[in-house]
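Trainee: Below you'll find the structure I mean.
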Amino acid sequence: MADADTSSNSSKTNEDRSQEGFGTYQGYTDRVASEVQELARIISHASIQQLKLKRQHSRQESQKSNEQESELSGKLGVIPVDENGNFVDQRLNPNSPEFNAAYWIQNAHKLVSSDIDYFKPVTIGVAYKNLRAYGSASDADYQSTLVNLIPKYLSLFFREYILRHTGPTFDILKPMDGLIKPGELTVVLGRPGAGCSTFLKTIASQTYGYHIDKDSVIRYNSLTPHEIKKHYRGEVVYCAETENHFPQLTVGDTLEFAAKMRTPQNRPLGVSRDAYARHLAAVVMAVYGLSHTRNTKVGNDFIRGVSGGERKRVSIAEITLNNAMVQCWDNSTRGLDSATALEFIRALKASADIVHTTPLVAIYQCSQDAYDLFDKVVLMYQGYQIYFGSAKKAKQYFIDMGYECPQRQTTADFLTSLTNPAERIVRQGFEGKVPQTPQEFYEYWKKSPEGQQIVADVDQYLTEHSSAAEKEAIKEAHQARQSDHLKPASPYTVSFFMQVRYIAHRNILRIKGNPSIHLFQIFGNIGMSFILSSIFYNLPTATSSFYHRTAALFFAVLFNAFSCLLEIFSLYEARSIVEKHKKYALYHPAADAFASIVTELPTKFIIAIGFNLVYYFMVNFRRTPGNFFFYLLINFSATLAMSHIFRTIGAATKTLQEAMTPAAILLLALTIFTGFVIPTPNMHGWCRWINYLDPLAYAFESLIANEFHNRDFECSQYVPSGGSYPTAGPNRICTPVGSVPGQDFVDGTRYMEMSFDYRNSHKWRNFGIVIGFIVFFFCTYILLCEINKGAMQKGEILLFQQRALKKRKKANNDIESGEIEKVTPEFDNEYENNQDKMLQSGGDTFFWRDLTYQVKIKSEDRVILDHVSGWVKPGQVTALMGASGAGKTTLLNALSDRLTTGVVTEGIRLVNGRPLDSSFQRSIGYVQQQDLHLETSTVREALEFAAYLRQPKSVSRKEKNEYVDYIIRLLEMEQYADAVVGVSGEGLNVEQRKRLSIGVELVAKPKLLVFLDEPTSGLDSQTAWSICKLIRKLADNGQAILCTIHQPSAILLAEFDRLLFLQRGGQTVYFGDLGKNFTTLINYFEKYGAPKCPPEANPAEWMLEVIGAAPGSKANQDYYDVWLKSSEFQEMNSELDLMSEELVKKPLDDDPDRLKPYAAPYWEQYLFVTKRVFEQNWRTPSYLYSKFLLVVTSSLFNGFSFYKADRSLQGLQNQMFSVFMFLVILHTLIQQYLPTFVSQRDLYEVRERPSKTFSWITFIAAQVTAEIPWNIICGTLGYFCWYYPVGLYQNATYTNTVHQRGAFMWFAIVLFFIYTSTLAQLCISFLEIDDNAANLSVLLFTMCLAFCGVLVTKEQLPGFWVFMYRCSPFTYLVSVMLSVGLVDAPVTCAAKEYLRFSPPQGYTCMQYMEPYMKVAGGYLLNENSTTECEFCTMKVTNVFLKMIGSDYSKRGRDIGIYIAFIGINIIGTFILYWFARVPKNFDIKLRRKR
């Protein structure tokens, strides 16, 4: 309710407003009034009913009447009613025509404040003394690469843990003092990088990633930061500059969830939690103009949803619903139009005045009206606080210091300009006397009376607020808000299980918003069950099925385990949002973990039923109800155990790359030691313990016992047999282990005991052990989610490459300060004048007519642009303005040919009267609202990349480099030209990123025009002014520019020549000149009935008020109709007609390359893009080292698990499974690679493809090529770590081909890793979400493994599936690896593998077996024995190879076919990417033409 009060200062005359519910924050519209009225009705109705019930109850139990009246007087009081339940004041009656929403909210707060015994209202202020924040320079001193990462961290370890040196540090915030009392609204001013964000985070007690000096003191009343973080986290919150929400959720669902999590226990009596939260969220949505987006997805930069401004308001509304007492807002007006930004500040002011909250707001572009609302101001200058105190006195303080405030400059702009040496103006007579450096400003402030008074005030506050009683009051107020069954010390409002319930509901809504992943899993797994079970279809109840029956059980367990690995992806998708909500004290991360398990259970259960039902009966496992349900129970339990194990790994790590390697190693270990790949008796002693810790091993033993116990299997093959050998009697034996001479069947129990050392008595014991694993890892997962803090944030630190850092240190530049002092050079100098000629000048006129665009939302066609017309001429800057959601960005996308959805139903776009040609997109520059750049590149590299590929090939490399240098200087980026782009907090800040975005488009020398989408968003006023001056300079050099702008001051707007003004629905309300001092614009609106523009008003804000788009305003007419009927509209059409006729007469450019879609040839594109992708991998050592570590550890683990396997029958099978398990890491390698591909594809598709920087063919080719070197390294590492420990090289000693076969094996392994990356590229090429690509890769990988001939040979496959044997690439790879590794070596059976039987009377073993051995092979251990023959069924490894279809003589053919499969992957990647992702724009063009 706190911020629902915010509109109390808004206009109260707008309840009849006719246009409510649009995208701007509307203040108290009739929609807000209706939402508040409904909330009031519910609360008042509940209160009246509660009153009646209590009175009825008191009559029935008169002996308790006094107690009840006392309770009633204490707890009732939401709406004043008399003893009959009638309203005392009809303005508070929701059913009365006199109801007043603003008055109701104010009165509700008064009543809450008066009933302190029940509601226990408190206020919290903030005081800080000697506040200093610092970071460790070693955390981010230079960019890590593949080569320097290890030395870097070894050096750090040696310095900190061996030498015990603390290492260099840098100050982020210098010592400062301040006091903010409850009800005071404070603005934090400073240029980007001055330390404003760090200051707000520190006040909000969110200092993870940097340090606070031990001598610093921060107090919240009498509470310490430690107490705030531990017990009252939700009372002090920080709203980050960036938006971070679940994109699949709707706005309504997002905000209702936040409201539920902070719904107090001491709410008005009779009002349920859900009703309270639902209606409070509705009120806040209405207040912030979000009601119309209730059912719209929030979205993000890559998923379509609400507009950027609306998404910012969602973040604001979420904090509002948090109802925190201390609110730290970090540039929260970014992306809002000026009128909405002003109303947001008014809302915070009302909250501070009425509810006595303590808001702190960092704001970069602050109008005078907004500044006048603030009580106090904090001015930051490179980490120094150079002023703190009254906002009204700040201006005079600096004037008295000796600085001059120019006319028309707002106070906030004046204060911020003081931190820029090039902007501040010294008053006459004060030259040389005023402070110049940050340190001098700081010292002046410390010595000033104002500074000394602040120190005294802080000391007094700390003394006054140190009592235990005050702490106890805050504790009681917090406890009153908490739900039942919650510890008073908990920072949360609702209990743990209520949190789980609400989060589970939210997760269901997320699944509903994007069901593709779960549907893909369900139908993919069920489909795979049909495929896999058909491989083992209808196994006979005979000994010939022993291997396949156990293999089928193993594969069932293995497949379920593989699918669980993907859950790590979804865990990391939600982690940043969960961490944010933890900081808001909405819920425990453990509650989210619990709820995620609960909401995944239905999907898991459906998959378990679907997969196992099909699989069990198609394979023909034991068909009795008890056995089936036990099989289902064990498989489902094993799935849950593996799910919790992998979730535990995800929760224990901080990045996805960190998680994938241990997860893959663990999966490999659990798979190898399940008991099938290496039977329990054959495991080496040193690794036998792994089997004991393997939940799959216990599940597998139970499944084997379930299938084999007390079951006889008919013998399929006898030794000896055929010819004249007897068909019965003791002189023959069945071939499987566990057979008895003379018996025609094998006892299943004996078979499993002798082969696997399994016991049926362990069946239910093992189930209990699996349950134990489930419970244990469930607890570890929950615990780790709660205590793992995630990746550490950094202070705002510029990051340089190591070589650049050395150069800077030689130049004595202090890069460790974390900030670079930005000196703005003067442009009117000789250098600039000489370089002006370098700016590309236009000459072509671009115009459009009746442009209409609509999208389908559900079943409704919504018009986004409605017959918009206009033009952009060389030398002119046209401003595109309108409220948030008016269609400004959509118009830019439509004009620049960047729409990817929807239909352009009408309209034309012409250049010089001619239709757009194929070179249009590369002939324009488009500075997008999102600053998307490759995070591993430096600023200079990003600019050079754009220049090389977008400037004509006729321009030399030297000229391109010179132009890049010029743009760097033009945009004042010299100080960080060699800095790494990085990520937020460790790299460029917001301002620097925006400058880079503009620079990337300028270095392309767009010859036609430049589009800029909110280029000043997120910048301080001085930087915004310099950007506008730059835009003006470009236009003066002949460039045509169309620029959207959200929060222009009058000074900024004056730099523009023309204005295209849109209202919601994409309707034009004005297109024309601005005129000197905006006279043309103002006269137009006043001529057609608009109220007079006050002389001191900002025309931008006045226009929004005129058309009814400003909060609390109402249009007196439909200005779209006014425009259509105006003479200006007719003049515009006449001008368009004239341009259509005259401009087409201009001669065409005779450049032969003019119509080419790309400036650079394909080969040059390929070289540059491949180099960039390779460099990105090189500079992302976490990816490469994770990849290498996975290969090395898995290969070593595999190699030593099968260490020097012998050539017994089981040994040969072990070596075969060692090859099989070597391939298992494929899907983990794919999952490691997918995020890197997606991040590069997002950058390409959002920015580089629309600008025609390079072709999609180049993009795919570069991705394929850049991975090959790393795959060769992986293959080499895998070869040495696996081939020699397994001992395959020993098999080649018998033929003296150790080196030849070793080299061939290396080549095959390298090809395997190349195949892995190409398969990953094939899977992700046409899919949007990497989770789905990972699922698809698992399915393809499973099929490749299943049909490669290891589990089931070609001869044993059902006839239908033989084609899959030939289509599986692993068929040929396994054939090569096994034949090269095993061919031409002798076989020696283990003791238990010999078949023992007696020869007939009078025969030696050799005499009896010789005819059989000539046909079937094998050898006798005791040829001359007449009592017992010991027969081994195999003599040389070639027999084993023939059984599995591997032929050494065909190794060349097989390796060639495998290479062909790699080629198929690559070709398929090109085709699928073109089919699924390239045609989007093409489809729109076709529909537009039709």
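Keep in mind that glycine also has a Cβ here, set from the backbone N, Cα and C atoms.
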Trainee: Tell me which residue from Asn331, Asn1077, Asn1291 Swiss-Prot records as N-linked glycosylation site.
Mentor: Asn1291
Trainee: Swiss-Prot tags one of Asn9, Asn1424 as N-linked glycosylation site; which one?
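Mentor: Swiss-Prot records N-linked glycosylation site at Asn1424.
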Trainee: Does DSSP put Gly882 (ATP binding site) in a helix, in a strand, or in coil?
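Mentor: In the DSSP reduction, Gly882 (ATP binding site) maps to strand.
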Trainee: The topological domain 'Cytoplasmic' (788-1182): mean pLDDT?
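Mentor: Summarising the topological domain 'Cytoplasmic' (788-1182) by its mean pLDDT gives 82.
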Trainee: When only pairs 6 or more apart in sequence are counted, do the transmembrane segment (1333-1353) and the transmembrane segment (1217-1237) reach 3 or more Cβ pairs under 8 Å?
Mentor: yes
Trainee: Measure from the Cβ of Gly885 (ATP binding site) and count the other Cβ atoms within 10 Å, all protein chains considered.
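Mentor: Result for Gly885 (ATP binding site): 25 other Cβ atoms within 10 Å.
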Trainee: Quick test of the contact rule: Cβ under 8 Å, at least six residues beyond the ends. What residues does that give for the transmembrane segment (1304-1324)?
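Mentor: For the transmembrane segment (1304-1324), the sequence-distant neighbours (Cβ-Cβ under 8 Å, at least 6 residues beyond its ends) are 1191, 1222-1223, 1226, 1229-1230, 1233-1234, 1237-1238, 1241, 1260, 1263-1264, 1267-1268, 1271-1272, 1274-1276, 1278-1279, 1282-1283, 1288, 1330, 1333-1334, 1336-1337, 1340-1341, 1369, 1373, 1376-1377, 1380-1381, 1451, 1455, 1458-1459, 1461-1462, 1465-1466, 1468-1469, 1472.
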Trainee: Mind checking which of Ser884, Thr889 has the fewest other CB atoms within 10 A of its CB? They're the binding-site residues.
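Mentor: Minimum Cβ neighbour count within 10 Å, taken over the binding-site residues Ser884, Thr889, occurs at Thr889.
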Trainee: What parts of the chain pack near the transmembrane segment (767-787), using Cβ distances under 8 Å and only residues at least 6 beyond its ends?
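Mentor: Result: 578, 588-590, 592-594, 597, 633-634, 637-638, 640-641, 644-645, 647-648, 651-652, 695, 698-699, 702.
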Trainee: By a simple count, how many Cβ atoms lie within 10 Å of the Cβ of Ala883 (ATP binding site), its own Cβ left out?
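Mentor: Cβ-Cβ neighbours of Ala883 (ATP binding site) within 10 Å number 29.
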Trainee: Who are the chain neighbours of the transmembrane segment (1455-1475) in space, where the CB to CB distance is under 8 Å and they lie at least 6 residues beyond its ends?
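Mentor: Answer is 1256-1257, 1260, 1264, 1304, 1307-1308, 1311, 1314-1315, 1318-1319, 1321-1322, 1325-1326, 1369, 1372-1373, 1376.
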Trainee: Who are the chain neighbours of the transmembrane segment (517-537) in space, where the CB to CB distance is under 8 Å and they lie at least 6 residues beyond its ends?
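Mentor: Sequence-distant neighbours of the transmembrane segment (517-537): 511, 548-549, 551-552, 555, 559, 563, 570, 603, 606-607, 610-612, 614-615, 618-620, 1329, 1331-1332, 1335-1336, 1339, 1342-1343, 1346-1347, 1351-1352, 1357-1358, 1360-1361.
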Trainee: Who are the long-range neighbours of the transmembrane segment (1268-1288) in its own chain, taking Cβ under 8 Å and residues 6 or more past its ends?
Mentor: 1174, 1177, 1184, 1187-1188, 1191-1192, 1195-1196, 1198-1200, 1202-1205, 1215, 1218, 1222, 1229, 1302, 1305-1306, 1309-1314, 1316-1317, 1380-1382
Trainee: For Gly882 (ATP binding site), write down the residues of its own chain that are at least 6 apart in sequence and whose Cβ falls under 8 Å from its Cβ; none is a fine answer.
Mentor: Asp337, Lys888, Phe1061, Leu1062, Gln1063, Arg1064, Ala1109
Trainee: Near the transmembrane segment (659-679), which same-chain residues lie under 8 Å Cβ to Cβ, leaving out any that are not at least 6 residues past its ends?
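Mentor: For the transmembrane segment (659-679), the list is 550-551, 553-554, 557-558, 561-562, 565, 568, 572, 642, 645-646, 649-650, 652-653, 687, 690-691, 694-697, 700-701, 704, 755-758, 1186, 1189-1190, 1193-1194, 1197-1198, 1201-1202, 1210, 1214, 1217, 1220-1221, 1224-1225, 1228, 1231-1232.
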Trainee: To see if you understand the setup: which same-chain residues, six or more apart in sequence, place their Cβ under 8 Å from that of Gly887 (ATP binding site)?
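Mentor: Ile864, Leu865, Leu1062, Arg1064, Gly1065, Gly1066 - these are the non-local Cβ neighbours of Gly887 (ATP binding site), listed in sequence order.
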